[in-house]
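**Student:** Please see the structure below; I have some questions.
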Ligand SMILES: C[S@@+](CC[C@H](N)C(=O)[O-])C[C@H]1O[C@@H](n2cnc3c(N)ncnc32)[C@H](O)[C@@H]1O
């Protein structure tokens with residue numbers, strides 16, 4: 001999926017238009033996200049590429065510079081976006097993202113709660129997994145980070161499937177309006193154990209919680225909280 005058309009339909013074939021975000025692919029280790037503007041040019045060591053030549057071409061096209069050099073214009077899929085996004089925080093990469101999406105059993109229509117949003121690397125994949133009928137509500141207590149993530153979701157075409165909230169999830173928990181409604185919850189927080197009682201309240205009866213922590217001490221404290229808050233029949237990762 002991605003980009004989406006205005007009717008929220010998943011589309012692989014839409015042609016590039018003014019204002020689109022494209023991933024300019026030079027090599028597997030040299031890619032850049034570029035916004036298409038009729039009067040602009042993309043410059044690299046192979047020459048100048050006029051954006052006006054890109055408009056109307058399908059995503060995936062090879063385009064040429066004034067010197068005969070070439071690049072590919074790829075759609076900003078979550079896999080590629082994760083490789084080119086600006087890192088405002090530590091991010092999840094494809095291997096962990098795949099694991100999370102699979103074990104959260106995400107399918108179109110799911111309602112997902114996430115915190116923190118960070119750089120939105122995981123959120124973009126969560127959004128694709130639940131589109132076109134589901135929704136991701138993601139929360140970060142850092143206002144600027146939340147605003148930048150919102151802008152990125154607009155640029156990558158997933159904004160209709162994601163709502164970004166500014167909230168201290170460790171201190172306040174998730175908003176009460178989601179009580180009993182979440183199919184899945186994902187936590188990537190410094191003290192996730194503080195958010196686990198709220199997560200328990202938000203989950204549907206057979207909902208799934210996944211908490212991601214780089215340190216074993218964080219995992220131990222989270223496990224203690226999971227044991228206290230869950231009966232053992234629910235699924236936690
Ligand atoms: C490691 S980043 C998340 C990265 C994200 N998973 C990604 O793939 O881009 C952790 C985020 O949690 C946020 N955070 C930390 N404490 C928080 C809290 N109490 N409530 C909400 N967000 C919090 C931070 O601002 C930071 O953006």
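The backbone N, Cα and C atoms fix where each Cβ goes, and this holds for glycine too.
Not measured: the values here are computed from a predicted model.
As listed in TrEMBL for this protein:
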type: BINDING; residues: 119, 120, 121, 122, 140, 168, 188; note: S-adenosyl-L-methionine binding site
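Neighbours and distances for these, please.
**Tutor:** Long-range Cβ contacts of residue 140 (S-adenosyl-L-methionine binding site) within its own chain (separation 6+, distance under 8 Å): 115, 116, 117, 118, 146, 149, 164, 166, 167.
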**Student:** Once near-sequence residues are set aside, which residues in the chain of residue 122 (S-adenosyl-L-methionine binding site), 6 or more away, have Cβ atoms under 8 Å from its Cβ?
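**Tutor:** When sequence neighbours closer than 6 are ignored, residue 122 (S-adenosyl-L-methionine binding site) has 91, 92, 97, 100, 114, 186, 188 within Cβ distance under 8 Å.
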**Student:** Once the DSSP letters are reduced so that anything not helix or strand counts as coil, what is residue 120 (S-adenosyl-L-methionine binding site)?
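**Tutor:** Coil, per DSSP.
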**Student:** Using a 10 Å radius around each Cβ and counting other Cβ atoms from all shown chains, which of the binding-site residues 168, 188 yields the largest count?
**Tutor:** 188
**Student:** Tell me, if you would, which residue among 119, 121 (binding-site residues) has the fewest other CB atoms within 10 Å in the structure shown?
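**Tutor:** Each of the binding-site residues 119, 121 was scored by Cβ atoms within 10 Å; lowest is 119.
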**Student:** For residue 120 (S-adenosyl-L-methionine binding site), write down the residues of its own chain that are at least 6 apart in sequence and whose Cβ falls under 8 Å from its Cβ; none is a fine answer.
**Tutor:** 85, 138, 149, 152, 153
